[in-house]
Amino acid sequence: MFASPACGLPPLLGMLLSGIALRSFPGIRIIGESLNPNWSASIRNVALVVILLRAGLGLDPKALKAMSLVVFRLACVPCLVETTVVAVVSHFLLGFPWLWGFMLGYDADMLSLLFILAAVSPAVVVPCLLQLSQQGYGVDKGIPTLVIAAASIDDVIAISGFGVMLGMTFSEGSLAWQILHGPLEVLIGLSYGAVMGFICWILPNKHHQSCSLLQFAMLFTAGLLALFGSQRIEFGGAGALAVLSMAFIAGVGFRRQGWGDDDNPVGQHCNVAWGYLQPMLFALIGTEIQILSLELDTIGLGVATLCISLTCRVVTTFFVVLGSGLNIRERFFVALAWLPKAT
């Protein structure tokens, strides 16, 4: 994290490479191999809660209302286009059956659905957009709010699509239930977020000495409950949406109390927590990459498939945000912001 800037590398890349080294280099590989997968996944989820809290608190209600249709287009169209492109490319390039074309999987033990490959990474997008927002870039046109809100909805679509295609491929339950699963996730997530966001808005008393710390603790605890609870009841997409909407509604209340985006003490607590969790998150992601088990031809075909799909995604995103009031450079920026991949 600290050595990367001295080497001219982004800190995020340094964290990721550290994790890869812990899993692949002789002598220290035992560290990565000895990590408990359940604990690793739990820590990543804790970090995701903080990311989504920061994202929700950073959303501008006025900009979100003005750009609601653009947010919906940006969340849906590029994700579905990329999913379709990779399904076709993987069928002809990798020889996958059509249903498996939506399941771009290289691990013999576990299939990773293409809908997951199409998901945008909030861990990359949100911190970068919030940093630019704090510097004043794109705030007047609502670009940070547009990208952050659409990225979260994009992930819900990807997770829901994952469940539908998995059910079709392995016949897990009725198709009607699999299709209804996505809208139910949205309904559950928004309902939970609305209730908990309002509670965190009014409690504790704003004159309490440790008001901001208690509000952060309430948001964080409710976020953990939402994310882990939704996974427990197999409504995984609801958790992320619940945390985001909860933080957004609480943020509306904080603004009415007189806290701005730059002086929100709850947001500052989130920033401190993210400073500790970010290195662990990306290092743990790095430990999931086993270089020694990868085959060169698989890497080449996978990269080719990804490059084709990302090209289509960028072009689609560029045209999807037409009519949003953004100029050509701003539309190109949004298209590039849609490149990072979730894990």
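Glycine too: its Cβ is placed from the backbone N, Cα and C atoms.
Taken straight from TrEMBL:
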- 7-340: domain 'Cation/H+ exchanger transmembrane' (DOMAIN)
- 71-98: transmembrane segment (TRANSMEM)
- 110-130: transmembrane segment (TRANSMEM)
- 142-166: transmembrane segment (TRANSMEM)
- 186-204: transmembrane segment (TRANSMEM)
- 211-229: transmembrane segment (TRANSMEM)
- 235-254: transmembrane segment (TRANSMEM)
- 274-293: transmembrane segment (TRANSMEM)
- 299-322: transmembrane segment (TRANSMEM)
Considering the transmembrane segment (71-98), which listed stretch of 186-204, 211-229, 235-254, 299-322 counts the most C-beta pairs under 8 Å: 299-322
Selected stretch (most C-beta pairs under 8 A with the transmembrane segment (235-254)) from 186-204, 211-229, 299-322: 186-204
